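Per TrEMBL, these features apply:
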- 52-444: domain 'Amino acid transporter transmembrane' (DOMAIN)
- 88-110: transmembrane segment (TRANSMEM)
- 147-169: transmembrane segment (TRANSMEM)
- 181-198: transmembrane segment (TRANSMEM)
- 203-220: transmembrane segment (TRANSMEM)
- 240-264: transmembrane segment (TRANSMEM)
- 276-299: transmembrane segment (TRANSMEM)
- 321-345: transmembrane segment (TRANSMEM)
- 365-382: transmembrane segment (TRANSMEM)
- 388-409: transmembrane segment (TRANSMEM)
- 430-454: transmembrane segment (TRANSMEM)
Amino acid sequence: MAAGGGGGGGIADEKAPEAFGLSRHVAEAEMEEEHGSGEPSVKSKLSGLLWHGGSAYDAWFSCASNQVAQVLLTLPYSFAQLGMLSGILFQLFYGLMGSWTAYLISILYLEYRTRKERDKVDFRNHVIQWFEVLDGLLGRHWRNAGLAFNCTFLLFGSVIQLIGCASNIYYVNDRLDKRTWTYIFGACCATTVFIPSFHNYRVWSFLGLVMTTYTAWYIAVASLVNGQVEGVSHSGPTRIVLYFTGATNILYTFGGHAVTVEIMHAMWRPQKFKSIYLLATVYVLTLTLPSAAAAYWAFGDALLTHSNALALLPRTRWRDAAVVLMLIHQFITFGFACTPLYFVWEKLIGLHDCRSLCKRAAARLPVVVPIWFLAIIFPFFGPINSAVGSLLVSFTVYIIPALAHMVTFKSPQARENAVERPPRFAGGWTGAYVINSFVVAWVLVVGFGFGGWASITNFVQQINTFGLFAKCYQCPPHLAAPPAAPFAPPPMAPAMPPATAFNATRFFFPPVPAPAPAPSPMMQFFLRHHHHRHNGRHGL
């Protein structure tokens, strides 16, 4: 099981599951038990089936499940900003580009790990991360840049999942506002501190992908069955700001390979990862294209003010099931985004090789607190995706991997001794350099430049419209009870102090079915105050 260069435990001949951290010790104990008893126990069989994953199939499920979660619900919103044709083309284009840069990350990981194994470095109790790959191949300046961008992206990626949880559950139970739901799901998502590593996401990755598959096809089928709404229009693109905002949301969609290194390190044979991300992207496109296109066809420009596609679909048990399943998947994806942050924090405080699950879980909790807080400050479901995509994803998983690959193999000697050479269909080394240069130029200009400008402009507009700490972002207004009266309340303030008037009428006077011909000032204030208390600040 050693990952060092000697003893037959290297990357080229791994045959036994390589577990890390806490899971490594559990796996070793179970393997010893199996060898000692002569046949696997029921406990070890069940643990291997549900808990200890490291095959190529596990990696595929992890990549596909992590790549598409809450962003699936915002892609129809992006189609309304881009238009149907641009939305489809950008999905195909960024899906291909994301697969290429994920391939580059996997090559750099193999290069780094092979070099370290030649120096007899043992990784059995250490999870390799992207910033360590950059440090080992290119030095501390690259490490610092990679660490800063990667951690910030994963931090806001976790924030987005938490915002998505609150946004979705509101469409099943609107008795609580979205901010309160954020408090609740923040506490629920904090339980991911008990999952040791990506090696232990086997059953979760599978379930997450099944749940997202249901949600995607529900959106597609429900949109087609319900048909186009009355007066539907498809005017996108109408503004350049909205156009590039939608494009960067798709850039974010296919930029989920910030955890590629951790997923590879959890594999028994990491060298098999090369084409896994591309295959995962192909499957993801079968979910994102039909659902986004069908929802945009059915609702058109109405999606511009409803960044969550579920908000426009009629409430049925099928929609409620989609919401619940998506909530569970977002919990899983929160763990995917947070686990690398847990590793970084453990290494910083010196607990990464600790064998106690409880100690590591307690040490990880401070990582969840800023995520919780940021989700309450910026509850802008949809616009925040584009901002993160343009400012963070553009560098983390597109520009830095492409530049790192070119710099790592710039010398003839490095290319000659490379563990993995670029495929022939890509044009070898020359073709790889051309593709990498194009990726860097395109993402820097279109993704970070135009996309950053458009996303920040839209994000600031959301802040100006709804404010920070928005209680219920884009919530539909509740109807006041009783129904609206034929008269309008006078602009004058009531004589009674507000708190006294409100408490007295709520306690002593129940709502009446119809307004009195000449209502008292106290009752007028009650009606107005009751209306504002239920509506709060709602969306467009």
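Quick reminder: no glycine exception, Cβ is built from N, Cα and C everywhere.
With a threshold of 8 Å between CB atoms, the same-chain residues lying at least 6 positions outside the transmembrane segment (388-409) that come near it are 97-98, 101-102, 104-105, 107-108, 111, 134, 137-138, 142, 145-146, 149-150, 152-153, 156-157, 160, 248-253, 255-258, 415, 418, 429, 432-433, 436-437, 439-440, 443-444, 447-448, 451-452, 454-456. When each of the listed stretches 181-198, 203-220, 321-345, 430-454 is scored by C-beta pairs under 8 angstroms to the transmembrane segment (88-110), 430-454 comes out highest.
Counting Cβ pairs under 8 Å to the transmembrane segment (430-454), the top-ranked stretch among 181-198, 240-264, 321-345 is 240-264.
Of the ranges 147-169, 203-220, 276-299, 321-345, 365-382, the one with the most Cβ pairs under 8 Å to the transmembrane segment (240-264) is 321-345. The recorded stretches the transmembrane segment (147-169) and the transmembrane segment (321-345) share 3+ CB pairs below 8 A when only pairs 6 or more apart in sequence are counted, and are therefore in contact. Counting Cβ pairs closer than 8 Å and at least 6 residues apart in sequence, the transmembrane segment (365-382) and the transmembrane segment (181-198) reach three or more and so form a contact.
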